[in-house]
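One structure below.
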Amino acid sequence: MFLSERIFMMTLPLFFSVMSLNCSLWQDNSMSVKRFAFARFSEVTEQCFLLFTLILLMFLASLTGNALIATAIWTNPVLHTPMYFFLANLSLLEIGYTCSVIPKMLQSLVSEARGISREGCATQMFFFLLLGTSECCLLAAMAFDRYMAICSPLHYATRMSRGVCVHLAMVSWGVGCMVGLGQTNYIFSLDFCGPCEIDHFFCDLLPILALACGDTSHTEAAVFVAAILCVSSPFLLIIASYGRILAAVLSMPSPEGRRKALSTCSSHLLVVTLFYGSASVTYLRPKASHSPGIDKLLALFYTVVTSMLNPIIYSLRNKEVKAALRRTLGKTKIHIQPKIKERKRSSHCGLEGYKPK
C-alpha cells in the first residue's frame, strides 16, 4: 500500500488539466488548420516496417521491464523504502511516457492514417511534457534521497519519512502538470496557417512551433527558457547532491564502505546521464544546429531506448531488485502450476472407480 496510497490524489489534477486544455482549444476558432499529419519516415516500405518492428520490440520490452519493476516493489515489503518508492514512481512514469507517444508513432509508420487532430496533438504534447518534466523532478528527488542516506544516515529515517517521500512525488507530478498545461496552452494559442505536416514522429515542441504563422521568436525564447528551468534546475540539484555525496564518500575510512556507498548511486547516475544527455542535446542546443533527421533519432532515443534501458540498469546492478523480481516471477509460477494440476485432477475424477466390462 506504500506505493499506491495517494495515487488517486496524484493523478486527479491530470484529468482537470486535460479538460481545461481541451476546453481552451475548442473555444479558440482563429486557427485555420484543424488537423495535422506526421511526415513519412521513408518512401521505402521495407525501411518503415523494419523501424516499426524495432520500435515495437523496444516498446514491449520497456512496458514489460517497467511493469515488472513496479510490481516487484509493490508486492515485496522488503522494498517498501524511500529509494524503491521513487524507483516505482519512475517506472510508472516511463510506462506513461512511452504510451503517450509510441502507439501513434507505430501507426504512422505502417499505415496511411498519419493524421492527428489539433486537440489530439495538444493532448499528446501535454502528457509528453507532463511526464518528461515529472521525471526530471523525480530524478532530483532520488538524488536527494541518496544524499540523505549517505551523508545523514542517523537522521535518514526521520527526514525521509513516508510522508516526505509522498510529498516529493506529488511535487514532481504537480510541477510536470503545471509545465505541461502552461506550455501546451501557450503553443496552441498560436495561429497555424499551413503547411500541416509535422516533420517528426510525435507532437513535440519544436516541430509544432515550426508550423506556426508569423514571427515565433518570442515563443521560441519562452520555450527555451522554460526548458532551461525544467531541465537545468533539477540537474543542478542532482549535481549538488552528488557533490556532497562524493565528499562524504572520500572521507570514509573503509574501502568497503566507499564501494558500497558508490554502488547504491551508480544505477541512478547512469539513468540520469542517459536521460539528461539526450534531453540537453535536443532542447538546449542552438536552433541553427537542429536538423529533422538528428532530432528524430534523438527522439527515438529518449522516448524508447532510455525507457527500455532503465529497468535493465536497475535490475542488473541491484541485488535486492533482482531478488524481488525472482520472488515475483516465482509467485506467478506457483499460482499457475496448482491450477494446471487441479485441471488434470478434475479431468480424471469422473473415471475414478470405473472398471471396464
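Each Cβ is built from the backbone N, Cα and C atoms, and glycine gets one as well.
Feature annotation from TrEMBL assigns transmembrane segment to 49-74 (among others). The list of residues near the transmembrane segment (49-74) in space but at least 6 beyond its ends in sequence, with Cβ under 8 angstroms from a Cβ of it, reads 3-4, 41-42, 80, 84-85, 87-88, 91-92, 94-95, 98-99, 102, 105-106, 109-110, 300, 304-305, 307-308, 310-312, 314-315, 321, 324-325, 327-329.
What TrEMBL lists as domain 'G-protein coupled receptors family 1 profile' is 65-314.
Per TrEMBL, transmembrane segment is recorded for 86-106 (among others). Here the transmembrane segment (86-106) has Cβ contacts under 8 Å with residues 3, 38, 52, 55-56, 59, 62-63, 66-67, 69-70, 73-74, 116, 124, 127-128, 131-132, 134-135, 138-139, 141-142, 145, 165, 168-169, 172, 201-202, 271, 303-304, 307, 310-311, 314, 321 of the same chain, all six or more residues outside its ends.
According to TrEMBL, the feature transmembrane segment maps to 126-144 (among others).
Summarising the annotation, TrEMBL assigns transmembrane segment to 164-182 (among others).
Annotation source TrEMBL lists transmembrane segment at 221-240 (among others).
Annotation comment: TrEMBL describes 261-279 (among others) as transmembrane segment.
Summarising the annotation, TrEMBL assigns transmembrane segment to 299-317 (among others). Counting residues 6+ beyond its ends, the transmembrane segment (299-317) has Cβ neighbours under 8 Å at 55, 58-59, 61-62, 65-66, 68-69, 87, 90-91, 94, 97-98, 101-102, 200-202, 204, 263, 266-267, 270-271, 274-275, 278-279, 282, 325 in the same chain.
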Other parts of the chain folded back onto the transmembrane segment (126-144), taken as Cβ under 8 Å at six or more residues beyond its ends:
14, 17-18, 21, 83, 86-87, 89-90, 93-94, 96-97, 100-101, 168-169, 171-173, 175-177, 179-181, 183-184, 202-205, 230-231, 234-235, 237-238, 241-242, 268, 271-272, 275-276, 279
I'd like to know the mean pLDDT over the domain 'G-protein coupled receptors family 1 profile' (65-314).
85
Short question: which residues 6 or more past the ends of the transmembrane segment (261-279) have a Cβ under 8 Å from it?
83, 90, 132, 135-136, 139, 142-143, 146, 149-150, 231, 235, 238, 242, 245, 248-249, 252, 298, 301-302, 306, 309-310, 313-314, 317-318
